[in-house]
Structures are given as structure tokens and as C-alpha cells.
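Below is one structure; the comments refer to it alone.
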Amino acid sequence: MSNEKIVHEVFGKTSDGKDVHIFTLRADDITVRVLNFGCVVKDILVPDRYGNVTDVCLGYDEFNGYEANPAFMGSICGRVANRIDGATFRLDDVTYDVSKNDPLGNNLCHGGFIGLTRRLFDWSINGSKLILTFNDVDGSEGFPGDVNVTVTYELTSGNGLMMDYTATTKKPTPVDIANHFMANLGGHANGYVGDHSVTMNTSKTLEFNERFIPTGSLTDVEGTILDFRQPVLLSDVLEQMPAKNGLHHANLVDGPTGQKNLCARAFHAATGRYMEVYSTEPVFISYSCFYLDFLLKGAICKDGRSYKESGGLLFMPQKYPNAINTPSFPSSVLRPGETYHTTTWYKFGVDYSN
């Protein structure tokens, strides 16, 4: 593969007047644009089977959209992605109350009101790698400990995008960082994702309660509507999901944690585009963006569009949700002297056979 030099320019200014940069990464048939605000993946441009290049990443044209970003489009989530039940947890005999920012309940959601999503990261470029760093201070959103976060983006062979995350801490604290990139392989403004076929490398899902908190129980997908081990056309199943809100599930990856495993594959027959998601994490969230209407409230997004219910598709690798409050789950606690490290890969391609 041939990586072009990463270029950057000022994209906008934060509400307190600081410059936000946009970085363009190009290699082979893929172009990715990233902000150093929230490590946002703003654009992903890839061709279809006819050679037409389209942006398949949901998001905004202007920076002010990302400063608000109620749907976390393209941004990283942390220091803890997903939800913490009741926005409270106990660690080493100390109770911590964290931000209650979940629009669907009194939980912490994706790191809090600001979290890592609405932070301006320092940046550097090392060859084909964009390196973004931030020190999340002790007490941020109620979490203990200064946490130094490094996010590295790099284009890889075969039209791939690697997202690598590391973190260290000065006090014990839960850490679980992920990216909330939403795709539509028909193009960001394609609308309803029912025209995507999805395959998932999972035989078990985590049972959620009505507030999207795992109960601690596992559900075997065999013989259920959640069995995506063979390709499933989403229009055949989205409205039949148990909670009537499409895909919104936590899936256990079939493969050893810490190694690169396939999580999911999405295919868009009309364009031939496909996307594969790989990760070292044990769990990935599958979400068909049912709540876009509710969260965006008609906000103008890219190309003057307003994204609607089920207008995008997200596969977000992470640790077990609410692990800090669930003793039966593997721990999400990072301690001084340890290094948190996880990697996710997105691969884009074209199937010319259909």
C-alpha cells in the first residue's frame, strides 16, 4: 500500500477560542478525515463497484455540530464507554458518583457530559500515524485519577483504518475507550440501513434490562432473531427485535480476548461496499441507530441532511458494559503501573460478484 503524507488545516474553533485541526489520511482507495477534538472520525470516503467515491460516515459539515454532538457521531467515548448503572460505583472501598448524562435513564453514558468526546487533544504525526493525546484529570466527571490517553489512527493495507488506544493512570479507575463511528455503506445520507446485510461473529449476547444495563446473564443466539452468524438482511429483522428498537445489543466475540478477531461484517448490495470490524476486545455493541431522531432533534448534519431513525450502523468494540458494577464480568479497572491497550480495525472493500 502507499500512504500519502498526512496533511492538516484548521477546521474551526472551540467555544473558548482554541483551534481545532482536521487531518486527512489517504492510502490506496480510502480517504479518512479526523479531528483532534474528541478524536472524531469525520469522513470516510471509499469507492463502490462502479468507482463512485462516497462518504460513508455519519456526521456534520461544521465544527459546532461536533462541539454539541448528542449522538456521539464519530467521536471516542470515555473514560468509560457505554453505561455505568445509576452513575455510581464502588472501587477499593470508596464510592464514586459520576455524571448522570444518559438521556434514557439516570446513568453515566459514554463518559459523561464532556468525557473524552468534547476534549481538544494534543497531536503529532509520526510517518503514517496520527497520534492524539490528552490528560484526563483526577475528578473529571467524578472519576478518580489522572489518566493519560493516547489514540493512534493509521491507514492499513486493504483500505483499513486502525484505531489504537492506550492509557495509564495515577489512581485505580475504570477505563474502557471506544469510538462511536456510525456508518451507512450506501452513503452517509442513504437513510434506512435495512438494505444492509450483516454477519456477526458471536454466539452469545448480554441480556439488557429496560435501561440498557446488562443483567449479568448471557443469551445464546442459537435459534433466535439475534443469530447473525450467517448474513441477515436487516430489513427482515429490525422491526422484530424484542424491544422494537432495532439492533441495540452487546455481543460476545467468538475468539480469544487480546487477539485480533472479526467482530462483524456489513454489506450493501446496491453499491457492493462492505465493512469488516476487527478488535482485541471481548465485546462489541451492534446498534442500528434507532435513537438518531430522538437525540438529534432535527439537527442539520452533512450536506444539509437530517438523519432519521435507523439511518446508521455502529459496531463498537469494548469491554463488558457496566463491568465496574458487575463482579461476574472481567474487570475494567486500570491501576497505577499498568497500561490499558486495545486496538480496533475497520476494513472497507467492494464485492464485485453481485
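First residue shown is number 1, and so on along the chain.
Cβ from N, Cα, C; glycine included.
The structure displayed is predicted, hence computed values, not measured ones.
For ASN82, ARG83, the entry in TrEMBL reads beta-D-galactose binding site. In three-state terms derived from DSSP, ARG83 (beta-D-galactose binding site) belongs to an extended strand segment.
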Using a 10 Å radius around each Cβ and all protein chains in view, which of these binding-site residues has the most neighbours: ASN82, ARG83?
ASN82
